[in-house]
Amino acid sequence: MSHILILVLFEKVSILHLLRPVSSSNDSVKGGSLYLEQQRHSDKPAFQKLDRIAAFKMGDTQTSSKDKEVKAKESKDKGFGKEEFRAGGDVSKSKKVQRNSTLGNTEGAEKEGKGISRKKKEKLTKRENPDADLEDFVRAAQIQVKVEPEEEDFCINKKDKVKKRLREQEEPGGSLLESAKKKKKVKMEVEEAEQEPEKQRKKKKESKVKAKKEQEGRPVSAREGGKHKKSKEEVEAAKALKIKKKEEEELQRWRWWEEEKYEDGIKWKFLEHRGPWFPAEYQRLPDNVKFYYDGKLVTLSSAAEEVAVFFAQMLDHEYTTKEVFRNNFFSDWRKEMTLEEKMIITDLNKCDFSEIYKMHKEKVEARKNQGKEEKQKTKDANQKLLEEYGYCTLDHHRERIGNFKIEPPGLFRGRGDHPKQGMLKKRIQPEDVIINCSKDSKIPQPPLGHQWKEVRCDNTVTWLASWTENVQGLCKYVMLNANSKLKGEKDWEKYEIARKLKSCVETIRTQYQADLKSKQMGIRQRAVALYFIDKLALRAGNEKEEGETADTVGCCSLRVEHISLHPELDGEKYVVEFDFLGKDCIRYYNKVPVEKAVFKNLKLFMEDKQPGDDLFDRLNTAMLNKHLHSLMAGLTAKVFRTYNASITLQQQLKELTNALDNIPEKILSYNRANRAVAILCNHQRAPPKTFEQSMANLQAKIDNRKEQLSLAKKELKQAKKDAKDHADDKLLA
C-alpha cells in the first residue's frame, strides 16, 4: 500500500514532491500539476512506464493484449532500467541494464559454480520476479530525491529564488538592510533560547547560596541579591542622613562649659561605670608546638611557658639582641619557673624558641589575611566590648572612657636604652585594682572568683580605676576620653593660666634679664634657665633616680656634656649648641645664638666641671617653680611652654592666613603654623630603624645625579667646541 500512496502523489503533485509531505496549499497543487504536464510531454516513455506500474499495483487485470505486446516488445528491445531523479524533479535518461534473456543461461550460471555471489543471485531473482523492477525503481527514488523544507513559498529553481528575493525587496520592510536586521534578531533570539537553561541554572545556584548564607547568618553579597547598587540619589540621601545625625549629636552634646563649676576642688557628684576590662587568661600551646633546651624537649609549666612565649614573639626585634634585655628577661623568667625547670634551664643561649616563634608568625599572617566576614566579626566583638566597658555615667551624662582595658602582661621595653628593658610586666589581677565611683552608684562587679583591692568614693580626682605596675612602680589610671568634661576642664584651666601669663610675661622677662648680672650664682643660674625655657620652650626636667629610668634630661637637669659654646659659628656670635635626649628619648639638637650675658654666664657655670657634672648645680625644678609661683599664681615652667606654643601658633596663623582663602588653602596655612610650633617644642617622632640606611641611599642618588650632571656639562662643552670648529672649516671652504 505504501507503494500505491507514493505513485498517487506522483500523479497529483509532481515528481519533486514524491517523498515530500503534501502541502495544504491549493496554489502548490496547481503548480505541481502544470509542471507534471510539461514533464509528460518532454519524457513520454518514462511516464508511460509509471502509468503501467501504477495500474499493475492497483490490480488492473483488464489490460489489453495490445498493451502487453507493446510491453513485451519494449522489454526485448530496450530493457527496463532504473530511473534516476535529480532534486529538482527532472527524470534522466534510462540506462540499459544487460541481462540474460533465457532461463537456460541462468541455470547454466548456477551450475558453473557454487560460489556465485549474492549480488548475482539477486539479479537472477529479479529476472524471475516481475515486481523486482518496481521495487528497485522506488528504492532509487527514495535515495536520490532530496527532501526540501516545507514552505509555502518554496522555489524550485534559481530563477524563482531570484524573483522571490526581488519581491521581498519591493515589499515594505523588505530591503537588504531590514532583512539582515531580521536575520540578526532571529539569531540573537536563538542564542538567548540556548542560553536560557544556563541562566536558569546559575540563578537557581545563586538562590541556593543566598538561602544557605541567610540560614547561617552570614552577610549576602550584592551579586547574590543581598544588596543592590546604590544610585546617586540614594548616596546623596545617605550623606544627608549622616550630616543630620551629626547635627543631632552636636545638639545633644553636653555643653558643660555653660554650667556652673563646682567649688572646693570637686570634680563630679555622680560617677558610675563597669570597671576595667581584663585580658583573657593564658592558653597553653598546642601539642605540636614544642620548646627545646640544648636540643632536648622540655615541657614547661603554664607560668614559665607564658613568659617564654613573650620572648619568642620578639625574636625578630632588635631588643632580643641587647644584653640588658636578655639578662633582665632571663632573670625574671627563672622566677616563674618551677624548681625542676630551674635545674634544667641555666643558659638562655641554649633555649630553642623557633617553633613558638613560627606559630606566632602564622597567627599574625592569618590575622592579616582575614576575610571580610572575619574582620566584621572582630569589629562587632570590639564594638560590643566598647559599649559594655567603654562608657560611664558622669553627673547623669554618658561619657566615653579613654583607656578601659588593663594592660596585658608582657616584657617591658621602655624608651631608648632603658635599664629595665626585658623585665616581666606581670598580669594585673582585680586584687591589684582600686575602683573609684560615687556612693549612690552601682559598684562594678569584679570577675568571677575575684575581688577589688579597694573601692573609693573620691570626687576630687578624675580617674575611675588605678593600679601600680611592678616594673617601675608607677601608678596607672583609667581616665575619661579627651572629649569628656573632666579632661576638657583640665585643658581649659591650663590655657586660661597661659592667657594670664600674657599680661605679665614682659615683667618676668625684665626681671630675669636683670638677674643675669646678680652677684649670687644661684640667681644667675635661675635666670639662664628661665631664658632657655622662655626662648627655646625647653621642658623644666625632673630629678630621677640613677639606673631607674632612661637618661633623659630637661633644662634644670642639663649636664656640661650636653652643651657646646661657640664664640662665633656660621657668621653668628655667641652660639650655644645643644645635644641631649629629651622626653621619650627624643633627641634635641639645636644651634642657637644667645645674648652676650647668657653666653658669659654659661662659660662661668662650666668652669672647673667634668662633662658629667650638672650645668645648673645650684638649681632644681622645685626651686624654679616656687619662684615662678611667687610671680603669678599657678605659674610653672610648663605654663611658659604652653604660652610660647600658643602665641607662636597665633602669630603664624595671622601671617599665613587670609579671610578670602578657600578651605584647602586655610588648612594648608594651619598645617604650616602647626609645623612652626612643632619645631619650637621639638615635637617629632623617633627615627625608624632604617633611617640611616634611607639617608645613605638618598645621598648615593644625589651623588649619582651630580656625577651625571657633570658629565652632561662636559659633553655639552665638547659639542659646542666641535660645532664651532666645524663652522670655521665651512667658512674657510
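Keep in mind that glycine also has a Cβ here, set from the backbone N, Cα and C atoms.
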Original post:
Which range, 109-136, 361-388, does TrEMBL list as coiled coil?
Top reply: 361-388
Subject >> Feature coiled coil in TrEMBL, mapped to one of the ranges 30-64, 240-274, 485-519, 695-729 >> reply: 695-729
Original post:
How does the model score the coiled coil (695-729) in terms of mean pLDDT?
Top reply: 87
